């Protein structure tokens with residue numbers, strides 16, 4: 001923490017900026033402005049992977065992690081859309097493959113993450129990877145790149161929920177498309193029907209959020225993800241959290257597993 005003082009003059013800066021708090025102090029006839037500049041200690045940074053099936057609560061907990069640690073939420077789908085919208089070289093390569101009905105290569109995805117680490121200021125306080133890796137080769141490529149960048153993963157948090165509960169959750173899920181915030185008609189309803197609590201914008205229900213589609217997605221998820229969980233268990237950074245509990249309890253458990261409570 002650092003404190004700066006200066007005399008209050010007509011052109012003195014008075015608006016606090018990020019990580020600053022401004023305070024006016026009277027000393028006799030003069031008024032001084034004090035800014036208290038806080039920086040996040042290394043113990044408050046985070047570098048992690050968030051693992052969990054559809055409906056486990058990643059869309060609820062990732063924003064919590066992002067806000068708590070001022071870290072970047074690196075969701076693979078969002079990164080792809082951003083790179084394509086910007087017309088970057090990586091985005092153009094990905095679009096060409098996707099337009100042909102193919103899957104974006106592991107190398108492109110890892111390079112997109114590398115690009116975020118280099119150019120996204122929020123990554124200086126860490127990152128939460130969501131949706132990647134999904135295979136052992138992806139995990140190996142990711143680990144190699146992160147170690148080369150000097151930012152190895154610290155934790156892989158897996159959100160565990162029984163499949164039957166997931167079906168009940170998903171079939172009532174509501175999503176705010178712009179932010180990814182998720183709600184549930186029964187378990188976690190918005191304050192105002194079908195409207196996002198923060199922006200007031202409309203919520204939607206995804207077309208594939210139905211029981212039949214979900215069971216197929218869960219089968220694919222389990223087949224894909226079990227080897228990834230074993231991979232991170234062997235590296236010693238895996239931790240499981242019972243995500244069938246209320247969101248606040250799950251959040252407290254995540255912080256405990258991260259050693260940040």
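Placement of Cβ uses the backbone N, Cα and C atoms for every residue, glycine included.
Per TrEMBL, these features apply:
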BINDING   55, 56, 57, 58, 59, 60, 173, 182, 183, 245  ATP binding site
REGION    75-104  region 'NMPbind'
BINDING   76, 81, 102, 103, 104, 131, 132, 133, 134, 138, 206, 217  AMP binding site
REGION    172-209  region 'LID'
DOMAIN    173-208  domain 'Adenylate kinase active site lid'
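TrEMBL feature annotations superimposed on the structure.
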{"residue": "55", "record": "ATP binding site", "CB count, 10 Å": "26"}
{"residue": "57", "record": "ATP binding site", "CB count, 10 Å": "25"}
{"residue": "76", "record": "AMP binding site", "CB count, 10 Å": "17"}
{"residue": "102", "record": "AMP binding site", "CB count, 10 Å": "10"}
{"residue": "104", "record": "AMP binding site", "CB count, 10 Å": "18"}
{"residue": "132", "record": "AMP binding site", "CB count, 10 Å": "20"}
{"residue": "134", "record": "AMP binding site", "CB count, 10 Å": "18"}
{"residue": "173", "record": "ATP binding site", "CB count, 10 Å": "21"}
{"residue": "183", "record": "ATP binding site", "CB count, 10 Å": "21"}
{"residue": "206", "record": "AMP binding site", "CB count, 10 Å": "14"}
Relative to the Cβ of residue 59 (ATP binding site), which residues of the same chain, six or more apart in sequence, are found under 8 Å away?
175, 180, 181, 182
Sequence-remote partners of the region 'NMPbind' (75-104) [C-beta within less than 8 Å, at least six residues beyond its ends]:
62, 111-113, 115-116, 130-132, 180
For AMP: widest Cα to Cα gap among 76, 81, 102, 103, 104, 131, 132, 133, 134, 138, 206, 217 in Å:
27
Between residue 102 (AMP binding site) and residue 55 (ATP binding site), the C-alpha gap once rounded to whole angstrom:
26
Where residue 76 (AMP binding site) and residue 57 (ATP binding site) are concerned, what is their Cα separation in Å, rounded?
17
Rounded to an integer, what is the Cα-Cα distance in Å between residue 132 (AMP binding site) and residue 173 (ATP binding site)?
22
Do you know offhand how many angstrom separate residue 55 (ATP binding site) and residue 134 (AMP binding site) by C-alpha?
17
For ATP, with binders 55, 56, 57, 58, 59, 60, 173, 182, 183, 245, what's the maximum Cα separation in whole Å?
16
Restricting to the region 'NMPbind' (75-104), report the mean pLDDT as a whole number.
89
Could you tell me how many residues in the region 'LID' (172-209) are helical, how many are strand and how many are coil under DSSP?
0 helix, 11 strand, 27 coil
Spatially, which candidate from the binding-site residues 57, 173, 183 is nearest to residue 206 (AMP binding site), comparing Cα atoms?
173
List the Cα distance (Å, whole number) between residue 183 (ATP binding site) and residue 104 (AMP binding site).
30
